[in-house]
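Visitor: Structure provided below as structure tokens; questions to follow.
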């Protein structure tokens, strides 16, 4: 099913040994240059491979017609499905390794097709159709439950029976590097009416997300083992959260404005093909879920994740380290549940994992957990402390998988907090 590139293969151009983007990765994204329009590319080391140039040169298969890669989003390519993805990935591996010498041996074509990454402007990889965020980490749900509910019954009764999620705002999904204004909102006041003002408890959430490839028809359902064929690839995500606004508004329907103001994603979409060497067992589920959520091929990926917090004076501190493998509910189960009512999927739907926390204190994926709702401020490397984010702070989330000498990474998603707009 997957197009796995041999770990021994090498590109004919230099790729740094510790790069997130070796030839075994080849994540997809959207970029532009001053002399060219917006188009699709693949990352290789410090280069962007211009897929539109290769397409026009007749070097890539055209499973969905011409100009598949000359568009301002990956939606058309993602909609083409697994056979098209496999064909393009296999051809790229051949061209970039030189086993198909047509690119390597054509200096003029090579100069147009390999663009220095630092000469490119990156754009959102997809036109985001809809956005759903799940709540799939048992450690996160337990930690939050202990903060706000009976610690002996931290999980809600439904949590181990279904992947809990909510539908968020596709319109406010932004690319890494987009600065985020502190949101305004209704703030609770103990014993009195709420007041209007800037959020005082701004937080990040360490997440991953995936984009849906081919959609589904309204009224149809996916079983988990078929769902994997609908997943185009994954990105890193920061689900910015206004905790004080959230606490006031979330009863009875869940978060609204507390999470509507910005959701940041990384620019390069890492395919499941590239992640196959890093498959691991997913956590055991007890109780066994209902039949529509049971998987014949239950697995996760060993993706190391970290969060750095930078302060306005330039100091940076790694404040959290977690791993994608900790998630209790898999991506396939998330899609199976999402379609269980007959809800249709669309190409470009974005599905967030929810905060990815692990069993250790340093694996807590948000400040709400790390500081126990502000009761235990974090000490930073410059001597400052944080309970929640301050104006000027920058959050950087990174992720990569490693096995032996093979490293496949996501790059980073970063964003700086700007003052509220009154």
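Quick reminder: no glycine exception, Cβ is built from N, Cα and C everywhere.
All annotation found in TrEMBL is predicted automatically rather than curated by experts.
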Visitor: Please identify which of 225, 239, 281, 286 is recorded by TrEMBL as part of the Mg(2+) site containing 259, 263.
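Guide: Mg(2+) site check in TrEMBL: besides 259, 263, the record includes 239 out of 225, 239, 281, 286.
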Visitor: Check TrEMBL: it lists 205, 207, 239 as binding Ca(2+). Then name which of 118, 133, 139 it lists for that same site.
Guide: 133
Visitor: Other than 133, 205, 207, 239, which residues of the same chain sit close to Ca(2+)? List them in sequence order, counting a residue when its Cβ is within 8 Å of the Cβ centroid of the site.
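Guide: Everything else in range on the chain: 206, 209, 237, 238, 241, 259, 263, 352, 353, 354, 355.
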Visitor: Can you tell me the CA-to-CA distance separating residue 149 (substrate binding site) and residue 133 (Ca(2+) binding site), as a whole number of Å?
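Guide: Counting only the Cα atoms, the answer is 22 Å.
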Visitor: Within 10 Å of the Cβ of residue 259 (Mg(2+) binding site), how many other Cβ atoms can be counted across all chains shown?
Guide: 24
Visitor: Out of 140, 246, 250, 355, the recorded positions in the record, which is closest to residue 207 (Ca(2+) binding site) when you go by Cα distance?
Guide: 355
Visitor: Consider the binding-site residues 205, 246, 263, 355 and say which one has the Cα lying nearest the Cα of residue 140 (active site, proton acceptor).
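Guide: If we rank 205, 246, 263, 355 by Cα distance to residue 140 (active site, proton acceptor), first place goes to 355.
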Visitor: What kind of secondary structure is residue 259 (Mg(2+) binding site) part of, going by DSSP in three states?
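Guide: Once the DSSP labels are grouped into three classes, residue 259 (Mg(2+) binding site) ends up as coil.
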